[in-house]
Amino acid sequence: MALNIRKTHPLLKIVNQTLIDLPAPSNISIWWNFGSLLGLCLIIQIVTGLFLAMHYTADISLAFSSVIHICRDVNYGWLIRNIHANGASLFFVCVYIHIARGLYYGSYLYKETWNIGVILLFLLMATAFVGYVLPWGQMSFWGATVITNLLSAFPYIGDTLVQWIWGGFSVDNATLTRFFAFHFLLPFLITALMVIHVLFLHETGSNNPMGLNSDMDKISFHPYFSYKDALGFLTLLILLGALALFLPNLLGDAENFIPANPLVTPPHIKPEWYFLFAYAILRSIPNKLGGVLALLFSILILLLVPLLHTSKQRSSTFRPLTQVFFWILVTNMLVLTWIGGQPVEQPFILIGQIASITYFSLFLIAMPLAGWWENKILSLN
């Protein structure tokens, strides 16, 4: 009998083991779709970004005009630009759901996969930040100025560090040029890390909603989950199409339609919506260095989650108290996102401070205590 080429060919064999004959738990739900959706988002962003880069000019006197030129004069340039801008938003929606799934079902206990995922999140945030600067509108310029200036909070090296990143004494042409270089390069680094992320995942196999070993009940990835993923792809593409075609500026900031002007500060400087939760945590601490450290720790705290897992059960499926705390965390994130977009005045300052304390308390105190208490209740000690 002739051997199947997909199982013997050196390259096709890798594809086969990843996408076709991969043994997958039979009970994984819709929440396991988001990994493949992130892959789709990355492909969309790289392709649209490549076409935008062909027409974009990374120079402060031409950047804003080149974006207008793309939208007006390039064939379907307006569509490519709208897909790229809104694709970033959907990318972050998928990332946050993917992380939430990992937190809820205990997927973080695959430590290597989880830690690479956190590094991927940092790279994604860096890519989105430098990308937001490129159109060189008011919010691009002032967002870049404010966020990079936070590095000056670090003792001794802070000011030198900021000037090194700026390439001068203010956000200027050198800054825009290097940010364009970073924005072009980082997605390829993300792609490489994504391959390693998947590699580590396939060393252990996927987790499942029960949090139990599923070796006795696996099914092949194709056709079962390839079709299930295809449904997710279709849903995402319809959403992205609707957003890019009907409401392309819904998630953007009106200030960015004004060319960058170093002499006029916008009334409210704020980043894109997907950074607002971290921005709210940053603003809730009156001390500059304290705020920067809180901002960093709001993401780095994800690295501590596997170490703070106290429950004898992996998943939250049968842990009611942990479920309550998880949904408080989700609500808290939404509150922080809302606060990040509000002006710095009462009662927003107080709400932001309470939400920030709650955010860290849930990770560091509430969740570990809930796991310990549930062990006691179920006499699993």
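The first residue you see is number 1, and the count goes up from there.
Every residue, even glycine, has its Cβ placed from backbone N, Cα and C.
Among residues of the same chain six or more beyond the transmembrane segment (34-54), those with a C-beta under 8 A of the stretch's C-beta atoms are 70, 80-81, 83-84, 87-88, 90-91, 94-95, 97-98, 101, 183-184, 187-188, 190-191, 194, 198, 229, 232-233, 236, 240. Annotated transmembrane segment per Swiss-Prot: 34-54 (among others), in sequence order.
Residues or ranges marked as transmembrane segment by Swiss-Prot: 78-99 (among others).
The feature heme b b562 binding site is assigned by Swiss-Prot to His84, His183, with similarity to another entry given as support. In the three-state DSSP classification, His183 (heme b b562 binding site) falls within a helix. Less than 8 angstroms from the CB of His183 (heme b b562 binding site) sit Gly49, Thr127, Val130, Gly131, Leu134, each of them six or more residues away in the same chain.
The feature heme b b566 binding site is assigned by Swiss-Prot to His98, His197, with similarity to another entry given as support. Under a cutoff of 8 A between CB atoms, and with a sequence separation of 6+ in the same chain, the neighbours of His98 (heme b b566 binding site) are Phe34, Gly35, Leu38.
The transmembrane segment feature in Swiss-Prot is assigned to 114-134 (among others); the stated evidence is similarity to another entry. Remote same-chain partners of the transmembrane segment (114-134), defined as residues 6 or more beyond its termini with a Cβ less than 8 Å from a stretch Cβ, comprise 56, 58, 63, 67, 88, 91-92, 95, 99, 102, 107-108, 140-141, 143-144, 147, 175-176, 179-180, 182-183, 186-187, 189-190, 193-194, 196-197, 200, 271-272, 274-275, 299-300, 302-303, 305-306.
Under the heading transmembrane segment, Swiss-Prot lists 179-199 (among others), citing similarity to another entry as support. Counting only same-chain residues 6+ beyond the ends of the transmembrane segment (179-199), those with a CB under 8 A from a CB of the stretch are 18, 35, 38-39, 42, 45-46, 49, 53, 56, 58, 113, 116-117, 119-120, 123-124, 126-127, 130-131, 133-134, 144.
Per Swiss-Prot, the feature ubiquinone binding site maps to His202. According to DSSP, His202 (ubiquinone binding site) is assigned to a helical segment. The number of other CB atoms found within 10 A of the CB of His202 (ubiquinone binding site), across every protein chain shown, is 14.
Under the heading transmembrane segment, Swiss-Prot lists 227-247 (among others), citing similarity to another entry as support. Tertiary proximity for the transmembrane segment (227-247) is limited to same-chain residues at least six positions away from its ends with a CB under 8 Å from its CB atoms, namely 30, 33-34, 36-37, 40-41, 44, 79, 82-83, 85-87, 89-90, 94.
Summarising the annotation, Swiss-Prot assigns transmembrane segment to 289-309 (among others) and lists similarity to another entry as the type of evidence.
Annotated transmembrane segment per Swiss-Prot: 321-341 (among others), in sequence order, evidence recorded as similarity to another entry. Within the same chain, residues 96, 100, 103-104, 270-271, 273, 275-281, 283-284, 311, 348, 351-352, 355-356, 358-359, 362-363, 366-367, 370-371, 373-374 sit at least 6 positions outside the transmembrane segment (321-341) and bring their C-beta atoms closer than 8 Å to a C-beta of that stretch.
Swiss-Prot lists 348-368 (among others) with the feature transmembrane segment, giving similarity to another entry as the kind of evidence.
Here His197 (heme b b566 binding site) is positioned 24 angstrom away from His84 (heme b b562 binding site), judged by their C-alpha atoms.
Around the Cβ of His197 (heme b b566 binding site), the same chain contributes Thr113, Ile116, Gly117, Leu120, each under 8 angstroms and 6 or more positions distant in sequence.
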